[in-house]
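Take a look at the structure below.
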Amino acid sequence: CIKAICVEDNIVQVVPVICNPPPKPTCTNGLSPVQVIDEDGCCWHWECDCYCLGWGDPHYVTFDGLYYSYQGNCTYVLVEEINKKVDNFGVYIDNYHCDTRDVVSCPRTLIVRHETQEVRIATVKPNTLQVEVTVNRQAVALPYKKFGLSIYESGINRVVEIPELKMNVTYNGLSFSIRMPYSLFGNNTQGQCGTCSNNTADDCMLPNGNIAQNCETMADHWQVVDPSKPQCSPGLIPTKAPSITPMQPCKESAICELLLGSVFEPCHSFVQPEKYYAACIFDSCVLPNLDLECSSLQIYAATCADQSVCIDWRSHTNGVCSYKCPSDKEYRACGPIKERTCKSSEQNETSTKQVEGCFCPNGTMLYDSSVDVCVKTCGKFYCFTWVHFGEKFTVDCQDCICLEGGSGIVCKPHECAKQNKTRCDGEGFHEVNEVNLEDSCCPIVTCKCNTSLCTTKAPKCTLGFEVHSHIPSGQCCPVYQCVPKRVCVHQNAEFLPNSSVFVDKCQNCFCTNEVNISTQLNIISCEHIPCDTYCEPGYERQPVKGECCGRCVQTKCVIHTASNSNLILSPGEFKNDPYNNCTIYSCVNIHNQLISSTSEITCPAFNEESCKPVSKYRKPTLYSMHRLHHPTPCSVRERKDFIVYKGCRSENRVVMTECEGTCGTFSLYSAEANSMDYSCSCCRESRTTVKEVKLRCPNGHSISHKYTYVEGCSCRDTEC
């Protein structure tokens with residue numbers, strides 16, 4: 001840190017490096033920045049460490065201080081590198097459902113991977129501070145140090161340190177913390193702890209690099225493969241977890257109020273308590289019988305201790321959050337991070353950070369970090385350098401006494417107090433050896449429930465029903481049943497009460513709150529849409545496929561008479577005009593098309609010569625004429641009528657002609673032929689022309705139609 005400056009003529013000026021203190025930044029996670037030595041080793045600068053927390057059921061604070069809660073029950077990535085610089089590096093959390101309703105979860109195992117080693121710190125008993133440590137699935141004694149990784153006890157915590165990376169991970173069964181230097185991991189972390197960038201905007205980053213709307217959604221996407229949880233798999237589209245809201249307004253826990261009160265007030269200016277208070281209220285309302293709110297106070301106190309503010313808080317919880325130590329240790333809220341031992345007593349401890357835990361009583365000290373024995377002095381005249389002559393002690397589960405002379409030590413197997421025989425009856429129960437805090441050599445045999453041993457699987461419920469489970473008192477395995485969701489079901493879809501249900505376009509339907517007793521589903525109520533039932537005369541309303549109200553279909557002919565009145569005729573019906581008996585109206589059905597026609601009767605020309613007096617007593621001038629039965633000559637007769645052809649009809653009546661009259665037709669006896677002789681002739685057309693008329697069809701189109709018009713008639717011979 002001294003610079004040599006060549007001035008001139010072999011003149012060298014030696015000056016010290018001057019360091020100007022940089023301005024102190026503000027860390028978004030609310031913690032104090034730390035001093036980091038520059039690469040030249042002379043000056044320093046400020047950095048905001050990456051500090052992630054998790055506790056309760058569970059609640060998270062990301063590296064940059066963003067708070068959220070998440071209820072997944074899989075194994076997840078807490079932190080991995082985006083750009084891999086360290087081989088096989090990552091921190092993971094194994095969560096499980098910690099209540100009978102399967103709606104909230106708690107941490108079960110914290111996993112740290114570094115190069116060839118995998119450290120697992122697992123909770124021995126749910127919702128306690130009892131944990132066990134394994135490395136590569138093998139149990140190890142603490143302290144452990146191998147291949148650049150060390151594990152040790154620090155108060156109530158187990159700490160995993162990787163000195164090369166300047167990081168440490170702590171876990172105690174209820175909460176975890178991860179501290180990493182910004183200089184090595186800044187802008188290069190991903191997972192449920194977010195991106196360490198001193199900016200909360202990118203904390204909810206997904207594995208594909210996109211930013212989710214909230215971290216609850218983001219957390220679902222960081223599942224990892226766990227053989228013990230086949231229902232969990234990376235890449236599956238997660239189902240959004242239901243919001244956990246107490247059914248009734250929840251009374252705030254008095255323990256949570258401690259966070260905002262005078263007990264923690266010395267820390268308020270260093271660490272804001274609001275997020276921890278919100279988590280505490282949540283835990284006390286959703287899981288009121290598990291005392292999980294203690295974890296919010298514990299993690300807040302630990303964060304305060306990390307900022308060199310020690311809070312003795314457990315004595316203010318009326319025993320709810322008390323912590324029991326072994327008989328040879330005493331509880332302290334503010335003990336050293338690494339307890340002083342006979343081998344380390346002469347080292348100077350300059351750290352101001354403290355932790356809570358069980359420590360040797362005043363006037364004694366721990367002999368060694370690997371030998372959990374408190375001694376009064378570290379003298380020279382001992383059997384094991386730490387045991388006086390005549391003193392009894394236990395080592396490696398052997399009861400020993402230190403004697404002067406001979407081998408010096410006499411040992412025998414440690415005797416355990418007699419325990420009542422424990423029987424594990426019932427599905428799911430199995431025997432478990434728990435650590436005895438009073439005597440670590442004599443485990444306590446208890447019956448534990450392991451739901452993975454249960455054979456009954458949750459049923460698959462039909463639409464409108466969902467699985468509910470509960471564990472009867474004294475049993476381990478849950479009992480499942482399908483209970484109605486209080487919804488309506490139609491065509492493989494569920495509908496909430498008061499929502500519209502589409503049955504068909506002719507009905508207005510909605511889901512009611514009324515329940516069908518037999519199906520246990522809500523009833524769908526429908527009303528037919530209103531219809532106009534009126535039809536014009538001659539029309540009737542008939543059902544039509546695809547229409548709600550049917551359609552007015554013509555079933556009778558509607559004829560407008562010459563007197564501007566309407567005449568209604570059924571198919572096949574004939575009727576005379578009410579005012580003109582010589583006009584006849586008719587209705588026919590041709591190919592489902594109603595055709596009306598009008599016919600007018602025309603009389604032949606009057607022939608006076610064919611008349612005779614009605615009475616010979618009347619005067620000739622007063623003759624009343626009467627048509628005789630004399631033959632009518634063959635002639636052309638005209639009439640007006642509609643022309644109908646293939647369902648099409650002329651727009652107006654058309655003048656049509658025909659031949660009518662009698663011709664010489666007779667039969668007489670021929671004596672010569674001795675048989676009847678016949679002569680026949682008929683009145684037929686002798687001269688015709690072709691005329692053209694326009695016909696209107698039912699579909700609205702018009703066609704041109706040609707017909708024969710008779711211009712002259714005569715008698716023609718024909719075969720009899």
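A Cβ is built for glycine as well, from the same backbone N, Cα and C atoms used for every other residue.
Of all Cβ atoms in the protein chains displayed, 14 besides its own lie within 10 Å of the Cβ of Cys697 (disulfide bond). Feature annotation from TrEMBL assigns disulfide bond to Cys648-Cys697 (among others).
Marked as disulfide bond by TrEMBL: Cys659-Cys713 (among others). Around Cys713 (disulfide bond), a 10 Å sphere centred on its CB holds 23 further CB atoms from the protein chains shown.
TrEMBL lists Cys663-Cys715 (among others) with the feature disulfide bond. The Cβ of Cys663 (disulfide bond) has 19 other Cβ atoms within 10 Å, all protein chains considered.
TrEMBL lists 50-233 with the feature domain 'VWFD'.
Taken from TrEMBL, the feature domain 'VWFC' covers 390-448 (among others).
The domain 'VWFC' feature in TrEMBL is assigned to 486-553 (among others).
TrEMBL lists 634-720 with the feature domain 'CTCK'.
Checking Cα-Cα distances from Cys697 (disulfide bond) against the disulfide-bonded residues (Cys659, Cys663, Cys713, Cys715) with a 10 Å cut-off leaves nothing; none qualify. For the pair formed by Cys713 (disulfide bond) and Cys663 (disulfide bond), distance between Cα atoms is given as 11 Å, rounded to the nearest Å. Between Cys648 (disulfide bond) and Cys659 (disulfide bond), the C-alpha separation comes to 26 Å.
Summed and averaged per residue, pLDDT over the domain 'VWFC' (486-553) gives 89. Each residue contributes its Cα atom, and for Cys715 (disulfide bond) and Cys659 (disulfide bond) those atoms are 10 Å apart.
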